[in-house]
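J.: Starting off with a structure, shown below.
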Amino acid sequence: MTDALTDNILVLVRHGESEWNRLNLFTGWRNPDLTEKGVIEARVAGRMIRDNGAKFDIAFTSVLKRAQHTLDIILSELDQPDVPIVRDAALNERDYGELSGLNKDEARKKWGEAQVRDWRRSYDIPPPGGESLKDTLARVRPYYDSAIWPQITQSKNVIIVAHGNSLRSLIMILEGLSGDEILQRELATGAPILYRLGADGRAIDRKDLLPARSLAAPPEDRIV
Ligand SMILES: O=C(O)[C@@H](CO)OP(=O)(O)O
């Protein structure tokens, strides 16, 4: 890991806590906004990124409110409100299909712990009518290659604010991880990950900016 920030900086941030994270509901493509805690997490994320000296040329996010709102707050904390923003459904959370809007504990009671775990954290088992992580990667990868990577090759600094599973897909691409390897990684809400990338598009180093205890909430409260 190096402290110096040079060209080809890519920052990933999962949105702050949403209303449905708080209610423990499967969310997917549904569109709840941030809670007050989520707004604070986004502000803290912006300050952590600012303290690391990152300046951005372009931002990418999904078409969902919780990610867009988080990005707006981060850019305002960075005092860079004019950074161009590209919004695309390719960066949306994986579609949870028929589970969308259901309570996660109720779902465990109905279908059993193992089945729900397979839907949530297997690589290639989709929930009924929804997308697996493999399906999500299949739409994130071409978008990364055609829209995001060309910006990075022009030495643009890029920030992406998205969702647990679209970000897992990006991390697989950046770190060259397998489906099994990525499933060990839980992404906390509002926790920025800063990458410096090499010419092959792979990460040269990674810095996780969320300290063990943040002003907003300890990381273990943010795994939802
Ligand atoms: O509900 C969702 O859309 C996601 C992210 O919160 O949940 P999970 O962690 O089960 O993939």
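Using N, Cα and C of the backbone, Cβ positions are placed for all residues, glycine too.
Remember, TrEMBL labels are computer predictions, not curated facts.
Below are the features I grabbed from TrEMBL:
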ACT_SITE  HIS15  active site, tele-phosphohistidine intermediate
ACT_SITE  GLU93  active site, proton donor/acceptor
BINDING   14-21, 27-28, ARG66, 93-96, LYS104, 120-121, 164-165  substrate binding site
SITE      HIS163  site 'Transition state stabilizer'
J.: Please go through the recorded positions GLU17, GLU93, GLY164 one by one and keep those whose C-beta falls under 6 A from any atom of ligand 1; give the result in sequence order.
T.: GLU93, GLY164
J.: How many Å separate the Cα atoms of ARG14 (substrate binding site) and GLU93 (active site, proton donor/acceptor)?
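T.: Cα of ARG14 (substrate binding site) to Cα of GLU93 (active site, proton donor/acceptor) measures 10 Å after rounding.
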J.: Which residues, sitting 6 or more apart from GLY28 (substrate binding site) on the same chain, put a CB under 8 Å from its CB?
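T.: In sequence order, GLU93, ARG94, ASP95, TYR96, GLY97, LEU99, SER100, GLY130 meet the Cβ cut-off.
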J.: Select the most exposed residue of HIS15, ARG94, where exposure means the fewest other Cβ atoms within 10 Å, treating these as the recorded positions.
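T.: Least crowded of the recorded positions HIS15, ARG94, by Cβ count within 10 Å, is ARG94.
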J.: Using Cβ atoms only, which residues of the same chain lie under 8 Å from LYS104 (substrate binding site) while being at least 6 residues apart in sequence?
T.: ASN24, LEU25, PHE26, VAL116, ARG120
J.: As a test of the contact definition, list every same-chain residue at least 6 positions from GLU17 (substrate binding site) whose Cβ is closer than 8 Å to its Cβ.
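T.: Within the chain, GLU17 (substrate binding site) has Cβ neighbours under 8 Å at LEU34, THR35, LYS37, GLY38, GLU41, THR189, GLY190, ARG222, VAL224.
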J.: Just to verify a number: CA distance, GLY164 (substrate binding site) to HIS15 (active site, tele-phosphohistidine intermediate), in angstrom, no decimals.
T.: 8
